[in-house]
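The structure appears right after this line, and notes come after that.
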Amino acid sequence: MNDLSNAAVKEQQSGFSCKPIPSLALYILLPLFFIGLSVSIFILVVVHNAAFLLSFLLLSALVTSFLAWNALNWRHHNKAAFTCFLNSFPDSDLRLAREGQLVKITGVASCGSLSLETSYERVGRCIYTSTLLYEYGQFGLKPVDVNRSWFQWNLAYCERFSTDFYITDQKSGVRAVVKAGSGCEVIPLIIESKLVTTTKQCKSLSPHFSNWLKDRNLSAEARLLRLEEGYLQEGSTVTVIGMLHKSNDILMIVQPPEIISTGCLWQRLLLPVDIDGMILGIPDKGSNPTLEEMASKQKVFSFEEVIKRKDRTDCLLLIDGKVYDVTPFLEDHPGGDEVLLAAAGKDATDDFEDVGHSFDARAIMEKYLVGEIDSSTVPVVKKFKQQQGSTVTSYKGDEPSLLIKILQFLVPLLILGFAFGLQYLGKKEKAED
Ligand code: HEM
């Protein structure tokens, strides 16, 4: 189990800081501001033109807002920057990712040998839990935390834990271990929900809340308190950004060994910030459907697309109307990769059934299921007996092309037109005679 409580408290106490704006930038901007202001006032007094002063003030306001926005985001623990980075980072495919690569994996989480339980709501089988107690800093109220500031909600107590868990990559169906347990720096982007808030009018605490405070030696004295709890439970869809490590065929997502920079996030007007740890968040609903949603919206392939994808790097099999992406299975297929490659590029149902695959083989297949075929695109199979008795298959593809169909329509028309023309000419000649 990984105790992240101290990191959360430190984060809260870091107070005001000009970061991520470099101090050098501030040292340069401040004198520039005063020079610009003096020059524009001088122009206003001497030339009686206020345009320069107005433009300068507008520019200064824009720069100040940009810096203030960045400083504010820093105070809120870079949540906006990290979330923007998480959403803009491209999804990785665990089948293709290399050792040591920074990957973003989205998938359903499941517990490993250890699972967590939230301390207030007692939600079990979690991979991440966070319970935070805030108190309102106000004169006359007894503080729990001496480092607090006045007239705002201050973190008074924190319990935050994460543990190792499994993630099933929704892109490839491949499972990996996320080493978010002991010793790993985790940057959680999970929003806690407010469970209890006492107000000046209603400071009385419920017995459950009083007991929770008592168990942690926290004063149950009536004061303004807010309790928030957040968690990631087994079965929920999570997104992780970390480094891929392969050990004895086991895929692991571990904390990146070096600090990563988010780079400038211009879409949110944010300067670069450093990421020192593994990011754990929940996927952007719009862009990342859950596994269940994926299953319900499985891709419908056209026959043409399926038969095109038939090589070692991208191999689809069409069996019984279902489409299987067997690219990662080629090496592992007990019957060899050649038979699978030979069965690609066509309907492989007969080939598959002729082998008499076992029940196990059929269970393995499910792992590689990526969608189904659009039956309207499958060519109609015409079967006819050859003299020798073998069956020959021909597809609609051998049928007349569009040009031939047009000609089939045009030629009779032309003949008809020609016949009418001849008849007309014959009648005209007769009339002239
Ligand atoms: C997703 C598709 C497939 C899966 C998951 C799969 C899986 C397996 C498995 C597990 C075996 C071991 C024997 C068994 O348990 O039945 C096997 C054997 C074999 N498979 Fe497949 N297979 C697939 C598709 C195909 C296709 C399309 C062919 C085409 C002919 C094929 C040809 C063979 C052959 C020749 C053997 C060896 C049989 C033997 O030596 O006993 N397989 N396959």
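From the backbone N, Cα and C atoms, a Cβ is placed for every residue, glycine too.
Here TrEMBL flags 24-46 (among others) as transmembrane segment.
As annotated by TrEMBL, transmembrane segment applies to 52-72 (among others).
Annotated domain 'Cytochrome b5 heme-binding' per TrEMBL: 298-374, in sequence order. Helix first, then strand, then coil: DSSP counts for the domain 'Cytochrome b5 heme-binding' (298-374) stand at 32 helix, 21 strand, 24 coil.
Residues or ranges marked as transmembrane segment in TrEMBL: 402-425 (among others).
Long-range Cβ contacts of the transmembrane segment (24-46) within its own chain (Cβ-Cβ under 8 Å, at least 6 residues beyond either end) map to 18, 52-53, 56-57, 60, 63. Taken as a whole, the domain 'Cytochrome b5 heme-binding' (298-374) shows an average pLDDT of 87 in this prediction.
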